[in-house]
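S.K.: First the structure, then my questions, so here it is.
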Amino acid sequence: MDDDKGTDTAKEGCSTWCLLEAACSDDSDLDDSLEKLFEENAESDVSDLINDDDNAAQGNSRELLCQQESEECEQQIQYLKRKYNISPEAVQQLSPRLQSLNLSPGHKSKRRLFVEQDSGLELSLNEVEDFTQELEVPASAPGPAAQGGVGLGHIESLLRCKNAKAVLLHKFKEGFGISYNELTRQFKSNKTCCKHWVLAIYGAKEELIDASKQLLQQHCSYIWLQTYTPMSLYLCCFNVAKSRETVVKLLISMLQIHENHILSEPPKNRSVPVALFWYKGSMNPNVYAFGEYPEWIVTQTMIQHQTADSIQFDLSRMIQWAYDNDHLDECSIAYNYAKLADTDSNARAFLAQNSQAKHVRDCAQMVKHYKRGEMREMTISAWVHHCISRIEGDGQWQDIVKFLRYQGLNFIVFLDKFRTFLQNFPKKNCLLIYGPPDTGKSMFTMSLMKALRGQVISFANSKSQFWLQPLADAKIALLDDATEVCWQYIDMFLRNGLDGNVVSLDMKHRAPCQMKFPPLIITSNISLKKEKKFPYLHSRIYEFEFPNRFPFDSDDKPLFKLTDQSWASFFKRLWIQLGLSDQEDEGEDGSTQRTFQCTTRQVNGPV
């Protein structure tokens, strides 16, 4: 041990302590030193190197572990909540028949939007596929078919389907070789009414289908029926328009089937292929047909109707129709002429036009021109005769006479003033009927305007310079309920017109026209004779007072019937007393005369 071993002399730049080396000792010396070390007390310099305290504090390690376990548990519970979703196949394990009650498939669980990056457990759970194993449930065998009917197997297979309508459409196309939607147009509302219905019936018994052939005859004018078991196809043309609800209820009561076994839509009545389907199908010996073909099938399959449809639209024929039927408004012309499409080829051609609105405006404008020219050519006698000849029904002229006497008027005086009023004599062409409210002034005058087709003007429109324009198209006119402001306007601006002179009348969208005022009746609550501020109107207007309240019976019906028929009887009875000319002097001698013609048709040819 005393041998001098170790490094040699120190190198340059090294200190002398680096040359110190540990001295080796024997094993006995090492054991003695270890025993001596353990025998020393704990207060030695190396006592802090070993912590042998049994009650050492845990610190935050246990709390941290609890938090980590709690978070992990919450994450797993949340994951299970998202993943847990009972599939319809799992429910079917309880009962195989529950499969027929499924209306819609179950929804899969939603994927998590945010996935935390952890030690790998969460990621491994998310990798599990959302998969539910389908269990095969043996379906019950279809029951045997009833005598003359359809077995329960068809009904159960239909109920087991999730989309019954799609299955019916598929079976319809398989049986008849054509899509149901190609034959029909869709009605979204069950309340919409239609006369023609295409009905597809599924699963009805044969004896009930045969019985329906007779039962439907009392409801339909045409029946088309073909059966490919278990489907049956009907085309029913009912006598009156029916809604889908009514038709379905009728079939349910006849065929004893469920509502889901019926497809009901109206046919495409403007499609030539669809019309040919029904027309050619009726020739099939397996098809039952009752009644005559509906009009929409005939018009698209018969040769004469096809040639009639090729006729071009003639505006003059439309104008002639409107003139003959006294249609002046555009809405009335369009609506009533469209209703003639089933019987009039020109109306059918009108509906095929893309410029129907333009034709209606042109027709209304031309009819107004013709009517205005016809009215201006007539005398007052011819006009009164023209108006009352178009009033249907009988009336009592005594009702008008009794009402005038009830108001305290001398009928002879009224008749004389009314005669000069109709003749439109200067300063005698205006009558005033005044009195308290509810005495029948407006009722009396309005009934006269309606019978003679007069025009009514209102002072409420006096702010417009065109408020007197209706006087240009009238043989007789009425100004109802004239107030003091209205009398001031008449006294200031209309005295020249009441004199019977020619005045200039402003016309909208046209140049002012030169004309004379027609006979004018005015109703008011003010008497001009009692008003000294209008002295210039006293000689131009003759007054009649209605002082008594208009009478009604216990049922609130007027005691005096002032109707069109009453005025027609009044003019016929007092024609001569009113100074109206004899119609024989004006050409009304009873001979057949040619009516006004505004079309190029032949006089004695077909209309």
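One-based numbering along the chain as shown.
Cβ coordinates are placed from backbone N, Cα and C, and glycine is handled just like the others.
Per Swiss-Prot, the features are:
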type	residues	note
MOD_RES	Ser87	phosphoserine
MOTIF	94-103	motif 'Nuclear export signal'
MOD_RES	Ser95	phosphoserine
REGION	147-310	region 'DNA-binding region'
DOMAIN	409-559	domain 'SF3 helicase'
BINDING	Gly435, Pro436, Pro437, Asp438, Thr439, Gly440, Lys441, Ser442	ATP binding site
CROSSLNK	Lys516	SUMO cross-link
REGION	583-607	region 'Disordered'
COMPBIAS	590-607	compositional bias 'Polar residues'
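So where do these features actually land, and what's packed around them?
M.R.: Across the region 'DNA-binding region' (147-310), mean pLDDT in this model comes to 85.
The Cβ of Ser442 (ATP binding site) lies under 8 Å from the Cβ of Asp480, Asp481, Thr523, each of these being in the same chain and 6 or more residues away along the sequence.
DSSP assigns Lys516 (SUMO cross-link) to a strand segment in the three-state reduction. All chains included, 15 other C-beta atoms sit within 10 angstroms of the C-beta of Lys516 (SUMO cross-link).
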S.K.: Please report the distance from the Cα of Lys441 (ATP binding site) to the Cα of Lys516 (SUMO cross-link), rounded to the nearest angstrom.
M.R.: 26
S.K.: So of Pro437, Gly440, Lys441, which of the binding-site residues has the fewest other Cβ atoms within 10 Å around its own Cβ?
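M.R.: With the binding-site residues Pro437, Gly440, Lys441, fewest surrounding Cβ atoms within 10 Å: Pro437.
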S.K.: Residues with Cβ closer than 8 Å to the Cβ of Asp438 (ATP binding site), same chain and 6+ apart in sequence?
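M.R.: Non-local contacts for Asp438 (ATP binding site): Arg549, Phe550.
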S.K.: Between Gly435 (ATP binding site) and Lys516 (SUMO cross-link), how many Å separate their Cα atoms?
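M.R.: That separation, Cα to Cα, works out to 28 Å.
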S.K.: On a simple 10 Å Cβ count over all chains shown, which one of the binding-site residues Gly435, Pro436 is most densely packed?
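M.R.: Output for this query is Gly435.
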S.K.: Would you mind listing, in sequence order, the residues at least six apart from Thr439 (ATP binding site) in the same chain with a Cβ closer than 8 Å to its Cβ?
M.R.: Gln407, Phe546, Pro547, Asn548, Arg549, Phe550
